[in-house]
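Worksheet: the structure to be examined is printed underneath.
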Amino acid sequence: MRLILLGAPGAGKGTQAKFICEKFGIPQISTGDMLRAAVKAGTPLGVEAKKVMDAGGLVSDDIIIGLVKDRLKQDDCKSGYLFDGFPRTIPQAEAMKDAGVAIDYVLEIDVPFDAIIERMSGRRVHVASGRTYHLKYNPPKTEGVDDETGEPLIQRDDDKEETVKKRLDVYSQQTRPLVDYYSAWAANGDPAAKVAPPKYRKILGVGNVDEITARVFEALK
């Protein structure tokens with residue numbers, strides 16, 4: 001099972017990625033983790049990437065694709081792999097296709113933006129313990145304070161409505177076009193591609209976690 005998970009920030013990709021990886025016995029591949037590991041190990045690509053990052057630059061797609069190809073040669077990828085948060089752009093998707101990286105499924109978790117804003121902006125956190133609440137779905141017994149300690153809850157900057165809206169804007173401009181790219185490739189094929197087109201599946205990411213997980217596994221049959 002080789003797949004790419006797509007969806008907006010806050011759509012619940014991380015939760016579903018964990019369930020998919022457990023069910024199919026495959027690793028979750030994160031470009032951030034790969035970069036850190038390559039830099040730490042001092043591989044040729046890691047050294048190159050470190051130079052760019054130390055200079056405050058963005059690591060090129062060529063380096064990222066090189067890291068991906070190296071990562072997929074490792075033993076734990078023999079049964080498949082799951083990409084979460086990659087590719088982010090059409091050029092990265094094209095580079096993956098040109099590099100012959102095979103994908104069986106592209107799964108989009110679709111959640112309306114207003115639901116994501118409500119889901120994320122309603123979160124409140126007790127910093128010391130990491131306990132998380134939600135104003136609507138899991139409120140504290142007393143407004144604004146942690147159930148166990150009575151200490152104040154905070155809203156993380158990442159969860160503030162204006163920040164969530166900005167992240168969704170970036171997603172719409174950069175990553176949302178991947179949905180059209182992969183659905184078109186799945187529907188029409190590409191004779192020039194080195195790999196077969198993936199199957200494209202879209203599921204609704206609204207409801208409780210068990211319902212969404214059931215939809216995910218049904219889509220991957």
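Cβ from N, Cα, C; glycine included.
What you see is a predicted model, and the numbers here were worked out from it, not measured in a lab.
Feature annotation from Swiss-Prot assigns ATP binding site to GLY10, ALA11, GLY12, LYS13, GLY14, THR15, ARG123, THR132, TYR133, GLY207; the stated evidence is sequence analysis. Residues within less than 8 Å, Cβ to Cβ, of ARG123 (ATP binding site) and separated from it by at least 6 positions along the same chain comprise THR132, TYR133, HIS134, GLN155, ARG156, ASP159.
Looking just at the region 'NMP' (30-59), the mean pLDDT is 88. The region 'NMP' annotation in Swiss-Prot covers 30-59 and rests on sequence analysis.
Cβ neighbour count for THR31 (AMP binding site): 20 (other Cβ atoms within 10 Å of its Cβ, all protein chains included). Positions annotated as AMP binding site by Swiss-Prot: THR31, ARG36, GLY57, LEU58, VAL59, GLY85, PHE86, PRO87, ARG88, GLN92, ARG156, ARG167.
The region 'LID' annotation in Swiss-Prot covers 122-159.
Residues 120-121, 123-129, 131-132 of the same chain lie 6+ residues outside the region 'Disordered' (138-159) yet bring a C-beta within less than 8 angstroms of a C-beta in it. The region 'Disordered' feature in Swiss-Prot is assigned to 138-159.
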Where the record names THR31, ARG36, GLY57, LEU58, VAL59, GLY85, PHE86, PRO87, ARG88, GLN92, ARG156, ARG167 as binding AMP, the maximum Cα to Cα distance in Å: 31
Residue distribution over DSSP helix, strand and coil in the region 'NMP' (30-59): 22 helix, 0 strand, 8 coil
Diameter of the ATP binding set by C-alpha atoms, the set being GLY10, ALA11, GLY12, LYS13, GLY14, THR15, ARG123, THR132, TYR133, GLY207, in angstrom: 19
Secondary structure tally of the region 'LID' (122-159) (DSSP, helix then strand then coil): 3 helix, 10 strand, 25 coil
Most crowded position, judged by CB atoms within 10 A, among GLY10, GLY12, GLY14, GLY57 as binding-site residues: GLY10
Three-state secondary structure, GLY14 (ATP binding site) (per DSSP): helix
